[in-house]
Amino acid sequence: MNFAALILAGGSSRRMGQDKALLRLNGEPLLIRTSRIAAAVCDSVWICSPEPDRYQSLLSQPVQWLTEPQPTGPQGPLTALAWALPQIDADWILLLACDLPRLAIAPLQAWRQQVELLPEDCRAAIARTEQGWEPLIGFYRPAIAPTIAPWLSQGRRDFQGWLATVAVQELPLSDRDWLVNCNTPTDWQALQLS
């Protein structure tokens with residue numbers, strides 16, 4: 001079974017005030033860290049960004065680049081997923097945000113092993129917390145792509161609502177800490193102090 005990782009590095013980072021993909025944790029930009037971890041779990045790594053030139057010189061490990069079209073209206077991670085899925089040849093795609101500083105190899109490998117056993121009609125496998133699904137660290141079959149377009153055509157961009165319309169397997173979550181992302185300078189500072 002072939003697994004590809006798709007890392008989204010195209011957000012505007014408005015609340016952070018700087019590019020989250022370039023934030024350094026222990027001297028390593030988050031995008032490099034995320035791609036290194038993804039490469040340990042998946043057979044290939046893809047990075048989706050409207051500005052790949054911004055990041056290409058940072059990465060030494062082999063990755064594939066998807067140059068997302070420049071936004072002409074409201075975008076978001078669901079729009080990026082819909083655009084990228086048909087371009088990647090894999091049985092499953094591990095979708096990752098680029099700003100997951102506590103992402104870890106072992107839990108992702110355990111999830112991959114579970115996902116390999118899922119029935120064909122399961123279209124996504126994602127962890128869930130009391131706030132809802134954690135879609136930016138989840139597994140998706142490429143065949144799910146056609147279900148996204150009707151959702152987007154209604155002006156909807158929310159993962160939670162869309163995921164309610166497809167067959168999703170909940171993945172066990174033993175430690176929520178590695179799902180933490182950073183959206184503001186305060187979040188980033190708190191993470192560095194912990």
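Any Cβ shown, glycine's included, is placed from N, Cα and C.
The GTP binding site annotation in Swiss-Prot covers L8, A9, G10, K20, D99. The Cβ of K20 (GTP binding site) has 25 other Cβ atoms within 10 Å, all protein chains considered.
Less than 8 angstroms from the CB of D99 (GTP binding site) sit K20, A21, L23, L30, N181, C182, N183, each of them six or more residues away in the same chain. Annotated Mg(2+) binding site per Swiss-Prot: D99, in sequence order.
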Fewest other C-beta atoms within 10 angstroms of its own C-beta: which of the binding-site residues L8, A9 fits that?
L8
